[in-house]
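According to TrEMBL, the domain 'ABC transmembrane type-1' annotation covers B:25-213. The annotation transmembrane segment is assigned in TrEMBL to B:24-49, B:61-81, B:187-209.
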Amino acid sequence: MAKRPMLEIAALEKRFGDNTILKQIDLKVAEGELVFVIGPSGSGKSTMLRCCNRLEQPTSGDIIVDGRNIMAGTSRDLAQMRLQIGMVFQGFHLYPHMNVLKNVTLAQRKALKRSKAEADVRAMDMLERVGLAHKADAYPSELSGGQQQRVAIARALALDPKIMLFDEPTSALDPELVGSVLKVMKDLKSKGMTMLVVSHEMGFARETADRVVFMDGGVIVEEGTPDEIFGAPKAERTRAFLSRVAG
Amino acid sequence: MDILIDQFFNVAIMQKAFPLLLKGLWMTLQLCVAVILLGLVGGLFVALGNLSPRRWLRWPTIVYIDVFRALPPLVLLIFIYSGLPFAGINVSPFTAVVIAFLLNNSSYYAEVYRAGLISVAKGQWEAAASTGLSRSQSLVYVVLPQAVRNVLPDLLSNTVEVVKLTSLASVISLSELLYSADMARSVTYNASPLVLAALFYLVLLWPLVRLVSHFQRRLAA
């Protein structure tokens, strides 16, 4: 199924001074595809993800989301384009001074200009989807980490993004809470969401990813299906990493 | 003892001075509202400039904050009221007080805001930006409410200082509370009006001071 690319990263470079974090990254994520990025810490995988909505400013290269280059245009264009790129952070980053419903409606109201009624309905739908409709009035501090992360997913989904970026979404969670977040992600995938995920959840990658990308030292070392990468990695660096993680 | 009571707590004189002091209090309150509101708004913009990545915005605000925190407010006030006329600029006492204290006070508010703004985690800005909110929307809806909450005791303390500062306006004969009380003192040849004025300040500020303690305790908890 050759689908159109929803996200296209082309010749992406990121340097801090003399320090090159990302070198000539090329990556395409097709519509409905779940691409999983793995690699040791410091490999540049999070930086690459954060370049996709320009939270990190790329030094050069192109980021094309559904045919539009987010490297071009004004800051207003950028804000508009970010609406189409949902992002989920390791640290959740819910707004602590707002209840769950407000967290999920804020950008709908202010960035998408939806009416309050419309935003509320959409928010409740999304909270339902992540299993937290009953927590709409709660404040983030009253929720577990897993619940907070699911609210953060609902907050991003409520804007009807074309792609979702996940930056180590379960790394800050207690082990027993990881499952609830992964379940929501799996459900998203089954409903056709395009997803780019940076994570260490290898089991989840094996099970749900369409493709796995291994990064090290700021470059993509190899990519392939989960079976290829986990079963028969070609590069020595990939093998070394996987044996360390598995061990 | 009787002399003490007669000189400081003379009820008859206090009663006589009361209407005058009430007028003075009204002026003090008007000054406070003007200086505090302008200071809160001005201080925010100075703080934002101070935190800006743009050099041309940052440098002037650094100088501004340093200069107006270092200059004694009374010096500023007398300069504006009595000095500027030499350059042909005449301002009313009220305007002189508002400008002088605004310069002083917005630089203090700016420092408080700055501390508040940097106390909010960077992730909050990023989360807001990732959902398509502009910088100013992120500031207004996400970051500023948290920043203000984090430094509420300091904002209030500073506000208490501003209220006290307005008594300096008496030196340029602006008939605020202290000036009115001192007028009454010189007319009645009795210190009771000053005591009454002190009571007014106490009633005005004591709840604010309590509130500061309350917030400090709540934030510490």
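From the backbone N, Cα and C atoms, a Cβ is placed for every residue, glycine too.
Within its own chain, the transmembrane segment (B:24-49) has Cβ neighbours under 8 Å at 57-58, 60-61, 64-65, 94, 97-98, 101-102, 105-114, 117, 139, 144, 155, 159, 162-163, 165-167, 169, 174-181, 197, 200, 204, counting only residues six or more beyond its boundaries. Same-chain residues lying 6 or more positions outside the transmembrane segment (B:61-81) and placing a CB less than 8 Å from one of its CB atoms are 46-47, 49-50, 91, 93, 96-97, 99-101, 103-104, 106-108, 110-111, 165, 168-169, 171-172. Within the chain, the transmembrane segment (B:187-209) has long-range Cβ neighbours (under 8 A, six or more residues past its boundaries) at 6-11, 13-14, 16-18, 20-21, 24-25, 28, 156, 159-160, 163-164, 167, 177-178, 180-181.
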